[in-house]
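*Asks:* Got these off TrEMBL a minute ago, pasting:
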DOMAIN    157-203  domain 'DUF3772'
DOMAIN    622-689  domain 'Mechanosensitive ion channel MscS'
DOMAIN    697-779  domain 'Mechanosensitive ion channel MscS C-terminal'
REGION    26-55  region 'Disordered'
SIGNAL    1-22  signal peptide
TRANSMEM  232-249  transmembrane segment
TRANSMEM  270-290  transmembrane segment
TRANSMEM  310-329  transmembrane segment
TRANSMEM  350-369  transmembrane segment
TRANSMEM  381-401  transmembrane segment
TRANSMEM  421-442  transmembrane segment
TRANSMEM  448-465  transmembrane segment
TRANSMEM  485-509  transmembrane segment
TRANSMEM  539-556  transmembrane segment
TRANSMEM  577-600  transmembrane segment
TRANSMEM  606-635  transmembrane segment
Amino acid sequence: MIRVLAAVCLIGLLAVLQPASAAAQGTPQADTPAETESDAPAETAPDAQSPSLGDIPIEVGVADTGSFERLALRAEELAGRDDSSMFAISRLRAELVVWRDRFLEQTNINAGRIATVDAQIAALGVVPESGEEAPAVAARRAALVAQRSMLEAPRLLAQESYARANGLIGEFDAMALQQQTDELSVRGPSPLNPTYIGEAIATLWQLADVVGIEIMTGFNARSSSGMLSRDLPRVLLLLVVGVALLSVGRGFVTRWRMSLTTREGHWRPLLLFVASLIQIAVPLLGLLALTEALQALDIVGLRGGDILEAVPLAGSYVIFGWWLSRLVFPLGENPGYLGYDAQTRAAGRQASSALAWVMAFGTLAGAGLRTMDMSQGATAAFAWPILVVLGLLFWRLGRVIRTKPEQKDDQIVSAGRMRNLVGRFATIVAVVAPVIAGFGYIAAGIALLGPSIVSVALVAVLFLLQQIVSELTQPRNEGEDVRGLHALIPVMVSFVLYMVSLPVFALIWGARVDDLTEIWARFREGFSIGESRISPTDFLTFAIVFAVGYLLTRFIQGTLRRTVLPRTRLDLGGQNAIVAGFGYVGIMLAALVAISTAGIDLSNFAIVAGALSVGIGFGLQNIVSNFVSGIILLIERPVSEGDWIEVGNQMGYVRSISVRSTRIETFDRTDVIIPNADLVSGQVTNWTRGNLVGRVIVPVGVAYGTDTDKVSDILRGIAEAHPQVVLSPPPAVLFTGFGADSLDFEIRAILRDVNYVVVVKSEMNHAIAKAFAEEGIEIPFAQRDIWLRNPEVLKETKTT
């Protein structure tokens, strides 16, 4: 695990250190084997500066690639051999990577000068078809073309060399992958052969005897020479520090962490996690101190030294397994993040700790047996029992993980799917790996079971970090809204954690650091469209500049909306139109500035965009029509937000005008989305455009024989008495005609606010009913007399 974390740190530092190293390195240099030292590029003095292909004549640029030519020839020769060693391949590959990075930087060499020369050539105009051109212009054109060819040559050479280096690196990677595949697919001797089992046991006992003899021999030699007593103070100091960290320090940190469990606070989960990290860091430091003390004695030999060097890694397995098992399956009454009962948690701790101890034993024994003369069959016989024990423990752990939790908390239920998936994966791998190893595929069994165990551990760590972040982002007060950006923080952090863990998973499952650096190089290289290359740096520059422009646009929009426009005489619709228009213009300018700053050449996209625009135009003509209509609405403002409009059979208030459509809120409190094209091309009734004045019409009917003048006076008084009615012009009472059942009248009045037309009509009807009742005026209703022409038939029908 320590090697995996170290590799991940190396990949993270590569992105930071690579530009600086590329700038400080005039000619690529790398450590090469002894037989290739004569061909390596010579080191330059600190004050010397290696010329680049763009700043020197083309002849010097070609000579400068001589070192790379010799390196490429050796690489091609090595790639064509079947007996090439991986050590030689990795060393040559490292040199090729340095050269490839240099050529990648030089692919845009002289770009500024070439653009200037192109502009000069374009300024001279097109060559006449007749061929007749002024001698001075023709001479100048020829000189510029020759100059452009001279400037273009280093870039072309860099592109060719880059393609060659990149191709050789790909060949080496394919060879490494093929060799790794062959190692996993080859079938060796069966580990169940009793002959191999006896040889493995004998070799293990022989290793113990050899290590003991080496220790005694080294102790006697160091004692007789007096060097042991000289180094004894340093050894004792390291031993005291190691024992203190393993016993006293670990106990102190454990008690401190236990005291944190009783505290309450928002940062309590994070403090507990940090304390647990210190809880494993202290014994690791103690183990390193003890290992350093034993190495300082210098009494172990070759085989003992290999075992001693493996002690920190083996100890990290034990300490990390102990730490992780108590976080996932905690002690006491705490059910943990997975909600298991006490019995399940105890079984999980036992399986996890046992897995760690067996892996530690395998690491130590394997380190010692590598130096012994051991046959392939004996190696398989030694490794297979360890795989079987690991498989049994891993199968037990998978069954524990798949156990249904005791609690039914939402957070625990949401993790159930991942828990079942991990548990099922563990149980399947625990059975498959020992079985295929028993048939002779020991390398495949080890490559399957070991990474699976470490992967499950890494998933557990990611799960713990995710749960801690989720607890930290929980609302502090009950009833607080958990939606919005605050609630998205755990999701975003989880996404970042899983993305960062992908390289770690790749290293666990056998990927080389070279593979990850190759992926990073491909990512840093970007992609090409025509003659334009878009790299991650260009994209990051574009994103930052556009984000700044977007935020600046929103800030200015807010200032206009809240501070500037309210002090003008513009109505609300005009203010909204100005704010929206400024937003469109600002975002467009931000995009153009970002594209220009990133150095993205859009001329190469013109042909593609022109071809696509024809098809897109037919498919999106309605959307484009609505977009243009939205712009027209913002400029002409026939309707504005807050207006009461009527479109077709829909009536309501305009709540928002977007680029594509307009949202109307009806009187039923429902939203109606109307395309902007319908508002521009169709008939729209705007009841509140310009002002709120409107007219109300109240129809009234009275019985025949009623004094019409008296009715008119009563209705006029009711209209004039209402506070919403405007008296200039005065309200009118019209005798509209003779109805079938009544004399028909109408009140027509101008209202101060047409939004209250329904309320005014209702209040006038109440007043009319009350006034007519007081004056004895009858409001007729329809009456109908029914004549039966044959009642005798109906009577007979009833009797029968």
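Cβ coordinates are placed from backbone N, Cα and C, and glycine is handled just like the others.
Whatever TrEMBL says is automated annotation, not expert-curated.
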*Asks:* Using DSSP, tally how many residues of the domain 'DUF3772' (157-203) sit in helix, strand and coil.
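*Replies:* Residue counts in helix, strand and coil order: 39 helix, 0 strand, 8 coil.
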*Asks:* How do the residues of the domain 'Mechanosensitive ion channel MscS' (622-689) split into helix, strand and coil according to DSSP?
*Replies:* 21 helix, 26 strand, 21 coil
*Asks:* Are there residues at least 6 beyond the ends of the transmembrane segment (381-401) whose Cβ is under 8 Å from a Cβ of it, and what are they?
*Replies:* 191-193, 196-197, 199-200, 203-204, 329, 340, 344, 347-348, 351-352, 354-355, 358-359, 361-362, 365-366, 369, 374, 419, 422-427, 429-431, 433-434, 437-438, 442, 445-446, 449, 452-453, 456
*Asks:* As a quick check of your reading of DSSP, tell me how many residues in the domain 'Mechanosensitive ion channel MscS C-terminal' (697-779) are helical, how many are strand and how many are coil.
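*Replies:* DSSP classes over the domain 'Mechanosensitive ion channel MscS C-terminal' (697-779) add up to 36 helix, 23 strand, 24 coil.
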*Asks:* Are there residues at least 6 beyond the ends of the transmembrane segment (577-600) whose Cβ is under 8 Å from a Cβ of it, and what are they?
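*Replies:* Non-local partners: 532, 534, 538-539, 541-543, 545-546, 548-550, 552-554, 556-557, 560-561, 565, 570, 634-635, 637, 640, 657, 659.
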*Asks:* Excluding the flanking five residues on each side, which residues at least 6 beyond the ends of the transmembrane segment (232-249) place their CB within less than 8 Å of a CB in that stretch?
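*Replies:* Distal contacts: 282-283, 285-290, 292-293, 296-297.
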*Asks:* Which residues of the chain, 6 or more past the ends of the transmembrane segment (448-465), have a CB below 8 A from one of its CBs?
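*Replies:* Same-chain residues near the transmembrane segment (448-465) but 6 or more away: 1, 4, 273, 320-321, 324, 327-328, 337, 355, 359, 387, 390-391, 394, 397, 415, 418, 422, 425-426, 429-430, 432-434, 436, 497-498, 501, 504-505, 508-510.
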